[in-house]
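The N-linked glycosylation site annotation in Swiss-Prot covers Asn131, and the record cites sequence analysis as its basis. Under the heading domain 'EF-hand 3', Swiss-Prot lists 151-186. Annotation source Swiss-Prot lists domain 'EF-hand 4' at 188-223, citing sequence analysis. The Ca(2+) 5 binding site feature in Swiss-Prot is assigned to Asp242, Asn244, Asp246, Lys248, Glu253; the stated evidence is a curator's inference. Annotated domain 'EF-hand 6' per Swiss-Prot: 265-300, in sequence order, evidence recorded as sequence analysis. Taken from Swiss-Prot, the feature Ca(2+) 6 binding site covers Asp278, Asn280, Asp282, Lys284, Glu289. Residues or ranges marked as motif 'Prevents secretion from ER' by Swiss-Prot: 312-315.
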Amino acid sequence: MEIRPLLMCFALCVVYATSKPTEKKDRVHHDAPLSSKEHDDGTNFEYDHDAFLGEEEAKTFDDLTPEESKNRLGKIVEKIDADEDGFVTEAELKAWIKKAQKKYIYDNVERQWKDFDLNNDRMISWEEYKNVTYGTYLDDPEPDDGYNYKQMMARDERRFKMADGNGDHIADKEEFTAFLHPEEYEHMKDIVVLETMEDIDKNGDGFIDLEEYIGDMYNHEDEMDEPEWVATEREQFSEFRDKNKDGKMDREETMDWILPADYDHAEAEAKHLVYESDTNKDGKLTKEEILNKYDLFVGSQATDFGEALVRHDEF
């Protein structure tokens, strides 16, 4: 059972840092590409299909006729129209694309859900999570494995409260997803930065200096000479990370490092799909406009929409 995801992540980080001193640990979170294919609508729409449905889902479209594709695309459109006003806006399309690209995250949450939802009420309370994750450890105030579980639990509780949007100490699936994968949510970015700084800031001054920055990536105890990438990272810190040149990174500088403002591929694709399909140029799409351009969205392919719609309903 996957009942201790954060504990396992912590333990793996420790092993990583101590067992492979020459390998670089990367804390930077980048968005995955929408598709591995070229975006060339002059040749085909495969990139758009992958972006709209997710690359794995798009592979299962091959056996559907155009009529079946249009029918099932119509059902998808109803799901995208979040406010049910009969139109699909660029923002709604962007949100759908982002969700399609995060399928692996939702699958991970789904696998863990049943282990924590002890009373089967389709919610996970902090007490449920705490009891499953830390119950046996808290019975021993001084475990011999070197981990401070009370400290780790307090950190998890702080993150849980941040993910719990309505403050009821109970998480629905979207809130629990934000708890397990905070880097994917705008309102959770501050907690990602805070946890990163707590991990790296060894002297407790609230900043990350050069030696702490390098020490987090590289364990030099067993080596005479530093690998070349370490020297490069020292330069990166001085030239780019430490923007105000005070010799350390503050919260804003740390956020720029680990959560860079990457090019928003989902937004660009949403703009592209609206531009190509919006025949009356009112800035939003009707179901008819989307179905008229079904080849752009799904072509003569389509996902196993029965499965897809059930999965998206759950979230």
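Positions of Cβ are set from backbone N, Cα and C atoms, glycine also.
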In the same chain, residues at least 6 away from the ends of the domain 'EF-hand 4' (188-223) whose Cβ sits under 8 Å of its Cβ atoms read 17-18, 21-22, 24-25, 27, 29, 155, 158-159, 162-163, 178, 182, 230, 233-234, 237-238, 241-242, 247-251, 254-255, 258-259
Rounding to whole Å, the Cα atoms of Lys284 (Ca(2+) 6 binding site) and Glu253 (Ca(2+) 5 binding site) are apart by 37
To test your reading of the Ca(2+) 6 site: which residues beyond Asp278, Asn280, Asp282, Lys284, Glu289, same chain only, put their Cβ within 8 Å of the Cβ centroid of those residues? Phe87, Val274, Ser277, Thr279, Lys281, Gly283, Leu285, Thr286
Residue from Asn131, Asp278, Asn280, Asp282, Glu289 whose C-alpha is spatially nearest that of Glu253 (Ca(2+) 5 binding site), among the recorded positions: Asn131
Around the Cβ of Asn280 (Ca(2+) 6 binding site), how many other Cβ atoms lie within 10 Å? Please give the count over every shown protein chain. 9
Give me the CA-CA distance between Asp246 (Ca(2+) 5 binding site) and Asp282 (Ca(2+) 6 binding site), in Å, as a whole number. 50
Within the domain 'EF-hand 6' (265-300), count helix residues (DSSP H, G, I), strand residues (E, B) and coil residues, in that order. 23 helix, 2 strand, 11 coil
Work out, from DSSP, the number of helix, strand and coil residues along the domain 'EF-hand 3' (151-186). 25 helix, 2 strand, 9 coil
What are the DSSP helix, strand and coil residue counts for the domain 'EF-hand 4' (188-223)? 21 helix, 2 strand, 13 coil
